[in-house]
Amino acid sequence: MTAATYLDRLRPAGASLRAMALLLLLLAAFFISTRGFSSILLLDNIRQAAPLGVVVAGQALVLMMGRLDLSVGATASMANIVLCSIFNSDMANLVPAVAATLAAGTLVGLANGIMSTKLRIPAFLATLASSLIIAGLVVFFTNGSPRGAVPPAFRVITEGWLFGVAPYSALIWLVLLVALLLLVHFTMLGRKMILSGANVVAARHSGIPSDGLIILSFVLCSVLASIGGILLSAITGMASIGVGNNFTLDSIAAAVIGGALFAGGVFLPLGAMAGALILFFVQSLLYVLALPPAAKFIVQGLIIILALALANLKQERSQ
Amino acid sequence: MQPRGSVCPNLMLGLPALLLAVAIGAIATTWSGDFMSAGNLGNLVNRVLPLAIAALGEAVVLFAGRIDLSVGSVISLSTAILGVTSAQLGWLSIPLVILAGLACGAFNAAGVILLRINPLIMTLATSAVVKGIALLLLPSPGGEVDYSFYDAFYGQDQFFGWPLLLIAVAFAATFAIFGFTRFGRSIYALGSDGRAAFANGVNVPGIDLSVFLISGGLAAVAGLAVGIKILSGDPLIGDSFTLDAIAAAVLGGVALQGGRGSVFGVLAGAIALVLIGNAFNLLELNTNLQQIAKGLIFVAALMLFMRGRSRSPA
């Protein structure tokens, strides 16, 4: 394979560019309203959007396989509880706390993946059921009143800025996105994943073990949801029930804005990033306008409908 | 291959759920003498009612090969509307709730038919919008439902009462539609094979609109049953109903791919689910364990019933 073909794969897709254009418009409106551009303010918003952004990357990966994960919110909430209860405000527990959180996420992903492939349960129902089970387990083990917090030193990952210019959480988000970009578009494993997402029958006939790849995508998604939960815990600082529940619909809405298709076969890291930022800015706008929290749900739903309607319209035009 | 949409084979699909319900009932009777008492039976009918009605609406959508994930939010919205308006509007709040449910169904149908959005995602988005509207109307559980509603509907507090009659009428009517009318057959046909149904002159958009209207309307009726029972509104109470309604339908032998299943299977599935919950209560199981067990039962039901079927979407 020549260098040109590799470079070609780095060229962003049209859907990603449209999402970026929308983001730039939104940013322009935002900075006009705050009277003047401020890179600090922009980076600070990116810092706060990072937990959602990481979860969106995972959701986009599962969508690429033609599946849907409705358990990312419950998984992120669980990550918050596991992390805080093992940390118990002591930095000495760093390794066991993070390891246990990621291990729990891996287990959720394995269960989701096995249910959706080997047991032939439609993914959205399997993950809906597992979100119910996870939420039940969390409340059962904590008796409804979770205890524990992350130590102040750990909160550096969302509060700290590298050399005072780049927030750590934004860097973590960027590194994960680049890693996924390399995995999907530049490794044989990733090419097989995207092929079996685009056409599972063709992939099977080509001898690609699509079941294993689907399980892998669910595991990666749940691990990313756990990382999202870890970043969120570093922002909130303490354990509380259901802290990440909004991630489920938020991640779907953001992935769809970023050009993800429910039919599968598409993975756009740049689009997923832009989608997460757009959703975050829209939600901060709702907050600034002092709308009731209920408006968030309405906007979430309408954004999903609008993004998909536009995508369908464009598809019909091109045919 | 058996003829799809015919009455008898579809009735047989409901048999496992019926046997399960009877088995749980028999075990519960031997365990606790109170189970067969008139009081507990009346209580059971009242608990079956909202789930059975919501599952019936969900099943109609599933027969057509679509799915409705907004059932729970519509139930929440119904209780919220009832809680906010029944004090001023009196009986008029009931048609208002049903209109709201039909509007939610129409919204789903509009997205699926006009915007060509996958029903799964469209109804998921609708459920977020409807949840937001319910929370706008009633930010926290509260409001008041006229006690005369409760007295009139649940007042007899026995097995043979209005709730049982409502279940019987709803299921008998739906059974008649699916067993013996062109409309019912068209829904099965669309669910079995959308292309073939279209090629044979089935009005696909019309069927889509009808099934989502039926589902939204029945979810609103289920919401009325819940709201009158708890005598107030609760903007989040319906959340668990979406999964429960699908679980009841799947347990009752309805295929998620569409075209297979009978309404009586759905009723048996709803009864089985409520009996399982009732058995948990008799065993004094922790509520959170109940939630976990419900999730596991759902996975088990899906596992058993999806075996050997064609590969599922999503």
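Cβ coordinates are placed from backbone N, Cα and C, and glycine is handled just like the others.
Caution: TrEMBL annotation is automatic and unverified by curators.
Under the heading transmembrane segment, TrEMBL lists A:70-88 (among others).
Packing against the transmembrane segment (A:94-114) from elsewhere in the chain are residues 69, 71, 75, 78-79, 82-83, 86-87, 123, 126-127, 130, 134, 154, 214-223, 225-227, 229-230: each is 6 or more residues past its ends and has a CB under 8 Å from a CB in it. Sequence annotations record features per position, and here TrEMBL assigns transmembrane segment to A:94-114 (among others).
Per TrEMBL, transmembrane segment is recorded for A:121-141 (among others). If you look at the transmembrane segment (A:121-141), the same-chain residues 6 or more away from its ends with a CB under 8 A from one of its CBs are 62, 67-71, 73-75, 77-78, 81, 108, 111-112, 115, 218, 241-242, 248.
Under the heading transmembrane segment, TrEMBL lists A:161-184 (among others).
If you look up TrEMBL, you'll see A:213-235 (among others) marked as transmembrane segment. With a cut-off of 8 Å between Cβ atoms, the residues of this chain six or more beyond the transmembrane segment (A:213-235) that come close are 48, 50-55, 57-59, 61-62, 64-65, 67, 69, 71-73, 75-80, 83-84, 98, 101-102, 104-106, 108-110, 112-114, 116-117, 123, 150, 154-159, 169, 172, 176, 180, 189, 192-193, 196-197, 243-244, 247.
Within the chain, the transmembrane segment (A:247-267) has long-range Cβ neighbours (under 8 A, six or more residues past its boundaries) at 13-16, 18-19, 22, 51-53, 55-56, 58-61, 63-68, 70-74, 76, 131, 180, 184-185, 194-195, 197-199, 225, 228, 273-276, 278-279, 297, 300-301, 303-304, 307-308, 311. Here TrEMBL flags A:247-267 (among others) as transmembrane segment.
Note on the transmembrane segment (A:297-313): residues 15, 249-250, 252-253, 256-257, 259, 261-262, 279, 282-283, 286 of its chain, located 6 or more positions outside it, place their CB under 8 angstroms from a CB of the stretch. Residues or ranges marked as transmembrane segment by TrEMBL: A:297-313 (among others).
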Mind checking which residues reach the transmembrane segment (A:70-88)? Cβ under 8 Å, same chain, six or more beyond either end.
-> 51, 55, 58-59, 94, 96-98, 100-101, 104-105, 108, 112, 124, 127-128, 130-132, 134-135, 137-138, 141-142, 146-151, 154, 221-222, 225-230, 232-233, 236, 238-249, 251
